[in-house]
Amino acid sequence: MKTHNIGYLLIFSAMWGGIVGMMHPHWQLAIEGGQVWAGLVDYPLDNPNFMYLNHAWTMVHQATGLLLYAGLPEKLLSLFISGLIGFVSCMAISGLMFYFSRSILFSTLFPVLYYLIEKQMHLGANYPIMLWDVPHTYGALSFSIVLLIVSLWLLNKHRLAGFLLGLLPSLHIAWAFFVYLVMTLIQVKRWCCKQDNLLQRIMPAFICGSLISLISFMDYQYHLIQYPEVMQMKPFIKAFQQWDCHRMPLPVTHPAIWINIIAIIYSIFCLQSQSFTPRVLAYEWMIACGVLGLVGALLSYLPNNMYLYIYRMIPTRVLNVNVVFLIACCAGQLNINNFRGAVLVVLTCVMYLSGMMISFWAAAFTISGVFFGITWIKEIFSKQVENWIQHDQWKYIPLFLMVIIHCQFIVQHISNISKFIFHKDLVIEEVKKTKGILLTASNIMLIQARTRKPVLLYGESLDMVMYAMASMPTVSHILNDIYGISWCNPPESVLHKGGLTSCIDQKLWESRSLDQWIEIKEKYNVSYVLTYASYQLNLKLVEKNSYYGLYRLP
């Protein structure tokens, strides 16, 4: 395949991905970091949300902050970021699929297919695999960039791969640490076997990307506010383990564990087979990621013995790389071996068109059964029937099904763009007119991004305290005083949920007297309360619709 054809594939896939991303628009979390960086939201320095946004180093905050400061509206920027996530995701997965299948059409259509597989099976290890259709900018964008770096490297696009690799620490420091560790393992193996230097071709571009990361880090240090260390932090961290949803012990039966075990065994087999030698680097990545991910899974059972900085970085996230790799590899191999990915595509079509949820194990056994069934039929039936099965026209059936899915996908979601841009929420418009700090109920999120108003605490995302540990005592007090929930002894309904669940505070808030609300106002300097529409508080109602209710404190 000519190099320029690969370039066209990546460009077209990226453009298609940008459209797909914008067809699934969300208010993005990175907007809030950009607002704080640009000084558009006035937070007290001891506010937990501010402490987290101030301590999180990512160039995404700086880039969004510059665009917001230049006058770009938050809504359009969120739409652009939603498209950017799809842009990177589709380019990465298409490139990966092309590397294994050498089919431009199949590679172009595969990202949406993989999105549907993941949406139905949820194969991510603790930390979900997010391609698009999510507000979680950091996790979705950084994982897609990691896949893109590997994909570009495998396709010999060394300059762009090296540049993004150097840029990676400024986008997501945890992913940078793990990717660099994987590369170190591969390079050590190559040195021991006296093979080619892995880094030689990417080094100039890597240095350029690293310089940008250095500038980003210097800006981060300039804006960083240092807080005094909290004495006796261990009880808070131990209590956090009850809330955390990303660092839980990973069950041995989890699909991600077995996908990585299979990936390691398969890659070792391929490395020893002469016919697979051109793909040595891909299999080295799969082995290194699998080993590192399985070590992370083992460490998830020893949270108290794990080094704190490693614990914060969520080691099990590395397992997700092979979840994408192995599926792309298998689909690509099926495509090469005249099955044209039929088993995978047909099953996914059935799942998608019927709206059926199916487990990983059910899908794996079904695919295996159909695959071996086809193989068995080809072996025992006559040559005429075999030729009929392998007739050239049959290879277009799965591609035709994929095109149908894409057309239906576009028709179903294209209107989301205009709905997102032109939708106005009357309650949110009233929040924009308020002054002071806003108190939000249970798991309401992304209000700051939509209003430029400071929020006392986002109950839905309490995992942010691991990145701003000085905020833990304050978060503990807020949970106890306002939400009636103990940080050290949370109710069973929120265990390993990462934060508060919907309406968990409704009964308490509805029973709270006016005097109690005044005490909260005086202690935490909140002026307004935003709840879901079902709440009925003993406060003056400012505005209400079918989703939210806004109340004013006296």
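Please read every residue number as a count from 1 along the shown chain.
The backbone N, Cα and C atoms fix where each Cβ goes, and this holds for glycine too.
What TrEMBL says about this one:
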TRANSMEM  7-27  transmembrane segment
TRANSMEM  50-69  transmembrane segment
TRANSMEM  76-94  transmembrane segment
TRANSMEM  138-155  transmembrane segment
TRANSMEM  161-186  transmembrane segment
TRANSMEM  198-218  transmembrane segment
TRANSMEM  252-271  transmembrane segment
TRANSMEM  283-303  transmembrane segment
TRANSMEM  309-331  transmembrane segment
TRANSMEM  343-376  transmembrane segment
TRANSMEM  396-414  transmembrane segment
> Can you say which of 76-94, 252-271, 283-303 has the most Cβ pairs under 8 Å with the transmembrane segment (309-331)?
Replying inline: 283-303
> Sequence gap of 6 or more, Cβ distance under 8 Å, 3 or more pairs: do the transmembrane segment (198-218) and the transmembrane segment (50-69) meet that?
Replying inline: yes
>> Under 8 Å for C-beta pairs, could you tell me which stretch among 138-155, 161-186, 283-303 has the largest tally with the transmembrane segment (252-271)?
In response: 283-303
>> Given a Cβ distance threshold of under 8 angstroms, which distant residues of the chain, six or more beyond its ends, lie next to the transmembrane segment (50-69)?
In response: 30-38, 40, 43-44, 77, 81, 137-138, 141, 167, 170-173, 212-213, 216-217, 219-220, 223-225, 227, 454, 464-465, 467-468, 470-471
>> Using Cβ atoms and a strict cutoff of less than 8 Å, what residues sit near the transmembrane segment (161-186) while being 6 or more residues removed from its termini?
In response: 57-60, 138, 141-143, 145-146, 148-150, 152-153, 198-199, 201-213, 216-217, 281, 284-285, 288-289, 291-292, 312-315, 317-318
